């Protein structure tokens, strides 16, 4: 995957972030969880679940592949244990902590989280990385329909005060940082531009799913600052793998 060298500046009203695979590389931990979950369930194909369920709520995966265990309280308990039992298998997506800290340092709340993980698990991942959680921290416990439904990202953008504005889209420009097909579909359905993080899937796959910018990780992204007059935060992409031509006109 070749990187470009000409920086790209993107000015937006708000940014929404997935967590697993976007802020933290938790897939090895979650894979270990699924393998342990399936040890006493002969009908449960852990490798298949690992392959197809990235970006889903754990409850939705269990409801589909082990419906007898689809109890919300039970699933919440299972997920809360993942960072504790398997946390040593997880690391930050390179540059994620620095980027999140830069967003937290802005004078106005300009970012939110919308994850398919439960509240307990997502909070523990943030504690694991030492990142202060944003005010709007949307988890599996806060939505009726998980990704690929747009509800998580709609809640994030609406909470920050930037609902879809069909009359004047320039006043409600929101980007989603995502790595997974379900989240990309959710973000697009929520009227957002998609910044694809190539941690889980490759460049061609992310292009096929409709990402507007694709980066290897967060190391090449900087927060340029906040303009109170335009109510925009600037993201500067020093390197990127791909960008749609029309993005520069957004």
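Glycine too: its Cβ is placed from the backbone N, Cα and C atoms.
For the Mg(2+) site, Swiss-Prot records 18, 20, and the single candidate of 120, 142, 168, 179 listed with them is 179. For residue 90 (phosphoserine), the spatially nearest entry among the recorded positions 18, 20, 64 is 20, judged by CA separation. The Cβ of residue 144 (ubiquitin cross-link) lies under 8 Å from the Cβ of 151, each on the same chain and at least six residues away in sequence. When secondary structure is read from DSSP and collapsed to three states, residue 20 (Mg(2+) binding site) falls in the strand class.
Taking the mean position of the Cβ atoms of 18, 20, 179 as the Mg(2+) site, the remaining same-chain residues with a Cβ inside 8 Å of that point are 19, 21, 22, 23, 54, 55, 115, 178, 180, 183, 197, 199, 200.
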